[in-house]
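> Okay, handing you the structure first.
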2 protein chains.
Amino acid sequence: MLDGIPLAGFNLNCHFSPQVLATALATLAESEVLDALESEVIKANLERFLLVLTVSLSVATLPQVFRWVRQIPYTLLLVIVGAALALVDVRLVNLSPELILTIFLPPLLFEAAWNLKWRDLRRDLFPITLFAVVGVIISVMGIGLGLAQWAGIPLSLALLIGASLSATDPVSVIALFRELGVGERIKTLMEGESLFNDGVAVVAFGLLVGIPLGIETFDLQVTVLRVFTVVGIGVGMGALVGFGISYLTQRFDLPLVEQSLTLIAAYGTYLVVEELGGSGVIGVVTTGLILGNFGSRIGMNPRTRLIVSEFWEFLAFFVNSIVFLLIGDQIQYSILGENLIPIGVAITAMVISRALSTYGLSSFCNVTLLSNRGASGAEPISWKAQTVLWWGGLRGSVSIALALSVPESLPGREAIIATVFGVVLFTLLVQGLTVKPLLVGLDLLGDQPLKQEYMEKLARRAALQRVLEHLMQMDGRIEVEVDFYQYQKALVEGGIRDLEEEISALQSKHPLLKDYAAEQLREELLSIEADTYAEYVRSGQLNRELASFLQEVLRQSLS
Amino acid sequence: MLDGIPLAGFNLNCHFSPQVLATALATLAESEVLDALESEVIKANLERFLLVLTVSLSVATLPQVFRWVRQIPYTLLLVIVGAALALVDVRLVNLSPELILTIFLPPLLFEAAWNLKWRDLRRDLFPITLFAVVGVIISVMGIGLGLAQWAGIPLSLALLIGASLSATDPVSVIALFRELGVGERIKTLMEGESLFNDGVAVVAFGLLVGIPLGIETFDLQVTVLRVFTVVGIGVGMGALVGFGISYLTQRFDLPLVEQSLTLIAAYGTYLVVEELGGSGVIGVVTTGLILGNFGSRIGMNPRTRLIVSEFWEFLAFFVNSIVFLLIGDQIQYSILGENLIPIGVAITAMVISRALSTYGLSSFCNVTLLSNRGASGAEPISWKAQTVLWWGGLRGSVSIALALSVPESLPGREAIIATVFGVVLFTLLVQGLTVKPLLVGLDLLGDQPLKQEYMEKLARRAALQRVLEHLMQMDGRIEVEVDFYQYQKALVEGGIRDLEEEISALQSKHPLLKDYAAEQLREELLSIEADTYAEYVRSGQLNRELASFLQEVLRQSLS
């Protein structure tokens, strides 16, 4: 990537041993030569970043061009295109664990947690905790023992692969489930599990990575203590940052500052928690949950909250577009080919152990629930939901980041990375592409199409009503023939009548749609209001700094 | 910054000559050691970035804590805090020219251009072009000759300083003028000049920088040709990207993709135009103008357009927060002290030559206008406006970036940087802090707060009326509970009544407000009209190929 860039005028082709160069680099760190290097790095990185983004966006427009592509979710399409680029050996960026963990993951975790409703999460806290903790242990053991038994991989390495593959990836899973429009319950269970088991898997990986190097041996007491410390620091610091920023944003009303603070919260929490030896993942999730459910309500006016949510939606789309393309683009087909046996064994072990944990733990939850009915408001988890949880547990960037962070000195590192990669691709491409048929087969997309149909009818009615209004205004305009006018009017009125009938038919068949429509109406009103303000602010007729005050007044008047 | 980071396990303290190290670095560029370095660089950069942002945001909240701080615009407050940090030798980041030009400048230019109304710009295109071209020449010559005459600096270096200081900084000026709430006319003139003279100054700097090194001599013909090439490539590529993306966004309706495309447009145009040897600054401004005035109307639905505008507002705030803090933080007090004489001379020469160019060129414009009345709709530029243009012409990050990009090999580089820095600080702190009193003294902010209050009330009424309208349309919709509907309606109607009273009270107290409102209404109607055209084009009811013709018609009806 720095090919051909003359550094301070020198560009000879000498060769040094890596050690000498490493030392040289360390010594140079603060010198001007590195500044020059850094400048070029900035430019080169920016260029590559724009390239990746452009490719991703082209992928996003594919469904507009080719109809059949619409069946494939955007994220998986990115993986496929990335894999195709890798096939012709076009490598866009080298994914490093730091890039994934420090740059890409925090905003994605934050956004997911920000949008997770605490109310829903609390209801299902018991199964989610069970999945995230016990589920990870089952998965590590299952995949590890399977690989040791049938692929002849030493147990210490096999467990490491197991740990890498135990975190269902929040990014992949959430992106997919949102696109498919799965019901709230399953989404909460899946998102909750994915957000929390990451932390657990990362901790497990950290514990296991020392063993094959001979640095550590396994000691249950030490392990449990360490898990509690790592999780505790994450939750503690996350809560501190979350409530701290909630408090701050309550003290003033500066939308842009509040928006910036959420960005600082996401990245800052991760860095600080990691620095303190805690789980950054758990830290960010905690902060995001607090800010999304508490801080944004307490400290932000509705408009700011809306803008911040939109900003994070964009950021998540943005990062997702990059991450999934790069996952596909990282594939080394030849190395994958050499490791087909461990990959196959790992896939089998993973699918079986996940079946064990999802069905087993769900049943346990349902039994507990039955003996404890009424205390929490939770329904039992249906076998259909269990099946989706089992098959929908995709692995993604977190697994890859963990595998890539296996130390270079560990023999068998290549094989670990290849195996994890192979399994991740299997989950994304095979499981990912079959989740939708599964949902349809289980009849779980149930009322989503219904709601869709309902909203479409409402939208059509609104559109026709606006047409009618426009026609009314036109009455008496000399340039319109009266006949034509009457004919059009009759047509539109007829259309509206038909729609009204269809809507009432739908409503009487599905009474819940009324609540749904009321909720939509409230959102609509708020958004009209917000849009009007925004229009005034944008056209310069209203001062930005003062607009927020008005929002406050308005918020009170409407709620 | 990489202190204490063990690179691949080696951290000896050997010393190499910079040349050897440079070569080593070049050789290493693609090796794994650099990957490790890059990982640490990612983390270190992220940490520093968060630190800078946190400090900036703390500054943003200062006015909430200390009342007297409210007199100081945010941007200048950042410079002051940065300078205070520099005084106790806390250095946050090393500002490199690449960082300023490649990372910070494109989004700021894009945002400014996106929000600049073509209608306003076109009306004042003549004075703006004059200021941007002739004004820069006057400034380069004035400052250069002054420094050569009275500070004993060789003419070739003095002209280089002049070129660095000839671009009024769009960032500083726009940020300041927006905060102060200056009238539209002055804002357009100032923003237009600032956006376009950057490109001219950068070109002038590029021409002049070769002379003291003996690489080039001055040749008028070559120079003029080169200026046209550089500007031409900028405008051409900018237009290509701008219209290209406008065309693309017309073909589909994917809000997040369209939002991402504007980001690619800003950075991509800059990089590509620079790569082709054109002026990246002019390229970005062209793209921004086209997308903001044309592409966003034609290709985006209103909601997307709003979200994109808000996104850019945030990004500009964000980058501004960083840039101004870092400008203050870069101050080297001791070196400034050594260069007090050239700094003083440069300030004097700058202020005088800007007086010459603003008053002179404005008068020229007014005379031309007088002899040509009616052809354009422009008013003459009042002497009050001229005075604000003169004193409000701040210098900022562009000047600093240019000074920093003087090649290391040029003797006197330190002095150039110090002088430019000193002058920039003078403009920001002395001129910047006195612009507001000047505006007040010239009675140019006069009724701004009153108008603000009035417009706020009108905006609130409009927002509530639109809510009411929506509610009315909903009346009779079967899916909404009658109670809920009645309650909302009563609330909104009460709010409107209160507002009506307040508005009439204001109007009877200040009769001029009626004219003001009438003027605003006219603009509103025009913008509805423009949006309607755009909607028709977007929905395919109007031929796209004719769109440019319609724009033409529309433009005439608007000016």
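Quick reminder: no glycine exception, Cβ is built from N, Cα and C everywhere.
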> From B:44-74, B:261-291, which range did TrEMBL mark with transmembrane segment?
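Of the candidate stretches, TrEMBL labels B:261-291 as transmembrane segment.
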> Does the transmembrane segment (B:311-328) come near the transmembrane segment (B:198-215), with 3+ Cβ pairs under 8 Å (pairs 6 or more apart)?
no
> When you check the transmembrane segment (B:415-435) against the transmembrane segment (B:198-215), do you get at least 3 Cβ pairs under 8 Å, counting only pairs 6 or more apart in sequence?
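No, the transmembrane segment (B:415-435) and the transmembrane segment (B:198-215) are not in contact.
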> With a Cβ cut-off under 8 Å, give me the same-chain residues at least six positions beyond the ends of the transmembrane segment (B:198-215) that come close to it.
109, 132-133, 136-137, 140, 154, 156-157, 159-160, 163-164, 166-167, 169-170, 223, 226-227, 230-231, 234, 279, 281-282, 285, 398, 402, 406-407, 409-410
> Considering pairs 6 or more residues apart, do the transmembrane segment (B:128-151) and the transmembrane segment (B:340-361) have at least three CB pairs under 8 Å?
yes
